[in-house]
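One structure below.
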Amino acid sequence: MDDRYDPQVIEAKWQQEWAARQLDRTDTDPQKPKFYALSMFPYPSGNLHMGHVRNYTITDVIARCRRMQGYRVLHPMGWDAFGLPAENAAIERGIHPRVWTQQNIGQMRQELQRLGLSYDWEREVTTCHPDYYRWTQWLFLEFFEAGLAYQKEAAVNWDPVDQTVLANEQVDSEGRSWRSGALVERRLLKQWFLKITAYAEELLNDLEQLTGWPERVKLMQANWIGQSRGAYLEFPIVGSDEKIGVFTTRPDTVYGVTYVVLAPEHPLTLKVTTSRRRKTVEAFIASVQQESELERTAGDRPKRGVATGGKALNPFTGEEIPIWIANYVLYEYGTGAVMGVPAHDERDFQFAKAHRLPIRQVIIPPDGKASTRLRAAYTEPGKLINSGQFDGMDSTAAKVAITEYATAQGWGREHVQYRLRDWLISRQRYWGVPIPIIHCPQCGPVPVPRSELPVLLPEEVEFTGRGPSPLAKLAAWRDVPCPKCGGPAQRETDTMDTFIDSSWYYFRYADARNSEAPFDPAAIKDWLPVDQYVGGIEHAILHLLYSRFFTKVLRDRQLVHVSEPFQRLLTQGMVQGRTYKNPRTGKYVIPSRIADLNQPTDPDTGEALEVVYEKMSKSKYNGVAPGDVIQQYGADTARMFILFKAPPEKDLEWDDADVEGQFRFLNRVWRLVQTFKAKGGRLGQPLPATLTKAEKDLRRAIHTAIKEISEDIEGDYQLNTAVAELMKLSNALSSADCYTSGVYSEGIQTLLTLLAPFAPHISEELWHQLGGTDSIHRQPWPKADPTALVADEITLVIQVMGKTRGAIQVPATASQAELEEAAQHSEIGQRYLAGKTIKKIIVVPGKLVNFVLESSR
């Protein structure tokens, strides 16, 4: 008997065998129902982390189960391969981004294969490969032709020393460049946008269709889209034909407007500024350009502003009111202007107080009076005062009435506004998809002809981290003839946001080797939508929202038939590791430096350390390398621990002892099968014509496991309880002593079949040791036999005066009278009822009998 379970040998053997047999190749049998299981693809950083392992293992279990249940399953993997880290590597290490990325992909692909993940590698996509980004550019042109891709000026982070644009993550908490240390400036550049706001209403409304998504993700998206209903109102500029448009959710307060505020970047700002105020205004604009958007809008930051000297007319009151600019108003939000109602908005109140602006109360509490001196803004609904013909109206009715009045007068209209802004996709980087546009002085922006796609990234580039992007400096690549007029022109030197690449990759998997189109609509109709998408909650907004937007645009371009890409979404929790932190200094301590981990103290100061679980990271010294776990315990143990430790959607706390526990469990399964073989057991033995009580009990345990695990997988993927059921079944088989019985044979076969999606290698090995043909992963998923689930006997609890006194076994078919009699005449009944008068007997069928006694006097 081979008692030794050697995961390294077994796993390498079967991974090689599965690859040779192409076991994981996508089944395209049209007679089978389809199932598309997808994990969010990774950025190829070079190494897997435990968050990856958890995500991919969960999806792999789902995919393997669905195959065994008779589905044809699409379960692909690829690489979100463009991005800033590769360009940084080029600057720091002198290695080309393409080479660095390819090396990392090779390393990570090997790690994924070691986990036994059942990917169809023939459908692998890599977003930095020309075969992929050719179609990313093709899709950009679809947006351009639909009027959904356009250019406008937008602020970027500018390093004045290196003379280059910085990503947000390259700016530290003090607003300095990561490389030069210079204070970062905000500078306006002409950049490309996608008009996601054109789909804001549909993106919001269609959230209701996503019944398979977590409610919190839908709420996060709804808040990000941020629908507000109110009125658009116009304030004429005194001495000009132009007007300042504002959006407000409180048109009932318009009679209380005592000033208007423009964003410093607003095109009207300098137009309304008087000559006397110009220097002050320009200096203020320059100072605001040094502030990030977060700084400008933070609630705890002072609201700075200056008067322009210009005036606007409040058409409702006929008053001239001052026009200010302020740092808290952003041009990208709404109209880039707000009306100041200090009596009824707390921010306006603080601003008016700071700058001695008039405060006029126009709403009072329903049962109150106007305050002679407001100490704070009154922001609740109430009754209108100082509001002309609308005096006395309640504010809810006044919102409607004032909006209708403004519409009739030509001063405004009812309006719905969204917090969502158009998607800025320009990146002043090399390692991204070149935007397929050529700028011609005569023709303007001209799309690159589709026959000339892809616009390839040039190989011979210099990476310095200084000056314009590498593409902008490469004249041989940049300077080209205009496709329209043939005159001298220049390529667009910005590349696309990497979120573009991940906004359509799930379509490409359905037809990954198509060289004539991004995908065949027939393939999309066959596989989409994704039936189960799995990824982290950190992608709840941007990636998922952009993917939904892309899907709707491609639908409107008649390229796909679906309106939503992902039918069900599972957001797995984080993997957390134990950290040791000095609460006084906030510094983390490396565990290997701590003498006693049970009573940890700082090796430098002797202070007691705080032990908490936090997201794994290098800086906290709490990471666990998947490769180390696989080397010590095997991939199956790593998978089982990841699945067992916590429900998929909850955070998981890494515990070496629990990893060891799963390794012991797989060893028990191994020994169980070796004992079964040694005792003469074999697969496929027929069930006995008549079952003993022990066989009935074992068969009930077998089919209970089938029922419970199937329900766990069909429902909310409670894979942790599914693993617990596997352990129960293993224990039931270990306790039974009928190795040559057909029931035991059924139990071993069921255990291995149910275990296969969770621990694929050991299941395959033991299956073949027992003479199983084909792969265990091609066996049908077992179905629970309802007759086997019915017990011959049940446990009947006996209570006296509501107190449990014990339990007995009775026939499952016993009548109420038989239950009463059995309980009364049992040893327990005789002990507690002797000499007592029974007043009443309460029977809960199948559960308990309660004897109510006459009270003794």
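Placed from the backbone N, Cα and C atoms, the Cβ positions cover glycine too.
If one looks beyond the motif ''HIGH' region' (42-52) by at least 6 residues along the same chain, the residues whose Cβ comes under 8 Å of a Cβ in the stretch are 79-81, 83, 85, 101, 103-105, 107-108, 111-112, 536, 574-575, 616, 623-627, 642, 654. According to Swiss-Prot, the feature motif ''HIGH' region' maps to 42-52.
Residues 49-51, 574-577, 588, 654 of the same chain sit 6 or more residues outside the motif ''KMSKS' region' (615-619) yet have a Cβ under 8 Å from a Cβ within it. The feature motif ''KMSKS' region' is assigned by Swiss-Prot to 615-619.
Cβ-based neighbour count (10 Å, all protein chains) for Lys618 (ATP binding site) stands at 8. The ATP binding site annotation in Swiss-Prot covers Lys618, and the record cites sequence analysis as its basis.
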Any idea what DSSP makes of Lys618 (ATP binding site), helix, strand or coil?
-> helix
